[in-house]
Amino acid sequence: GFRSFVWTAVSYQLKDRLKLSPSASQFVFSVSFFPWSIKPIYGILSDCIPIKGKKRIPYLVISTVMSLVPWLILGINASTRSSIWHLMILLTLQNLGSAMADVVVDAMIAEAVRFEKASFAGDLQSLSWLSMAFGGVCGSLLGGYALTNLEIDIIFLLFSILPAIQLFSCGLVEESSMGSEVLSDFSISSDSHHLNGKANDLDEDSSLEKKSNVSARKRNKSQKKSKKTQLTRRKAQTLSPGKGKSLPVLWFQSLKYATYNLCRAFKQPMILRPMAWFFLAHITVPNLSTVMFYYQTEFLKLEASFLGTVRVIGWLGLMLGTFTYNQYLKKMKLRRVLALTHIGLAFLNLFDVILVSRTNVVFGVSDKTLVLCGSALSDAVNQFKFMPFLILSGQLCPPGIEGTLFALFMSINNFGSTVGSFVGAGLASILNISSGSFDNLLLGINIQLFCTFIPVVLLFLIPKEATGIAS
């Protein structure tokens, strides 16, 4: 949540120091945040390839270093801040570290919940959301103040304190080592599970064909069990490190199995269709947030401290949206919730239409009031869209690969947002919307308003009876 402290400074660096157009600035952000779209890769790597016998802490250390070093370089070296390519590479590296750390911490939370009391899970998730919201409020407030009183290089250096603390905290976390024999066992159990799955399918077919003959069915089962045992033993002999299988081979087999399971689960229509909707809901609606940032700072002359307050209101709106959904909407059909959400977002787009057309001035409504209300309400309504995504993702995850598949769902959501930003940057470029030239911005917002209704037409992809309560 506190990342808003430094990314507000990045926005001003691109606009004021590098003099980038809105479309170019949005392109830089889209590329920089791409690492959040490939989160399953980090999950599979940390699950299948332990470093010195450990699966979490080494990856957390590596990711934290990648989060820390770019801010130090940007704070110390002025030439990296003044070069668009150097800046984009360092920001991408920083997001790579942050995304990897996010996946590792999610896995550690899942393991902690598994080994602790059942009630601990809800407390931990609530604490995570509360911490993120608190960090967002603090980061937004302090970010606006810092931009008013400090240089951008100082802001980068100040923010590097947080990943430095995170790096120090890695030494306070205990993790038991796993030997090569554990990895071998994992590969054996993976293959035997795959074999068992096939055998179980055969058992089901056999039971259907011979339902009237109980003794024959039992003989078939016993024969198949003995075959499975023999196959598993052969696999164990084949995969045993003592039989010539090196660690890289075992790593490859683990990666292959995890990837196969992930693809097999994701190809199921009940999973593929809802995820397709959430992806299409992002890419069919162009994201013009960076363009609006330029308009608010250059044309409306809104101060950095006020924009920090706007982000605080947005965080509070997000919390309000979460509360409202849990209290009043979670029993409603997801199709209806998502349809109402997009209708609400279309209505809130009218706030931008009023702002850009200057209609609010005619009725005596200040720009700041309109921006504050629009930010709070849009973040709250967007949460009505994100909460069903989280709930549906949890319902669709099959047991055994929940963490990796959920990371894939989140990556699809993030990648959709990235593509939506690219679409917004392309629209701004086509309409020749640039710094100081906002003549076609109203047309762009109207196009965005029209596109908001496209996902409503595609709601047939969402399961008809799905609600916000796990079945």
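Heads up, the Cβ atoms here are built off N, Cα and C, so glycines get one too.
Fair warning: this is a prediction, and the values are worked out from it, not measured in the lab.
So that you can see what the record holds, here are the features copied from TrEMBL:
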type: COMPBIAS; residues: 216-236; note: compositional bias 'Basic residues'
type: REGION; residues: 197-241; note: region 'Disordered'
type: TRANSMEM; residues: 27-45; note: transmembrane segment
type: TRANSMEM; residues: 57-78; note: transmembrane segment
type: TRANSMEM; residues: 84-105; note: transmembrane segment
type: TRANSMEM; residues: 126-148; note: transmembrane segment
type: TRANSMEM; residues: 154-173; note: transmembrane segment
type: TRANSMEM; residues: 276-294; note: transmembrane segment
type: TRANSMEM; residues: 306-325; note: transmembrane segment
type: TRANSMEM; residues: 337-356; note: transmembrane segment
type: TRANSMEM; residues: 415-435; note: transmembrane segment
type: TRANSMEM; residues: 441-462; note: transmembrane segment
Paired segments the transmembrane segment (57-78) and the transmembrane segment (415-435) in contact, 3+ CB pairs under 8 A: no
Tertiary contacts of the transmembrane segment (337-356) (same chain, 6+ residues out, Cβ under 8 Å): 281, 292, 295, 300, 325, 329, 367, 370-371, 373-374, 377-378, 381-382, 384-385, 388, 438, 441-442, 445-446, 448-449, 452-453, 455-456, 459, 462, 468
Region pair the transmembrane segment (415-435) / the transmembrane segment (84-105), three or more CB pairs under 8 Å: no
Highest-contact recorded stretch vs the transmembrane segment (306-325), from 27-45, 84-105, 126-148, 276-294, CB pairs under 8 Å: 126-148
Tertiary contacts of the transmembrane segment (126-148), as residues 6+ beyond its ends and Cβ separation under 8 Å: 1-6, 8-9, 12, 109, 154-155, 158, 303-312, 314-316, 318-319, 322
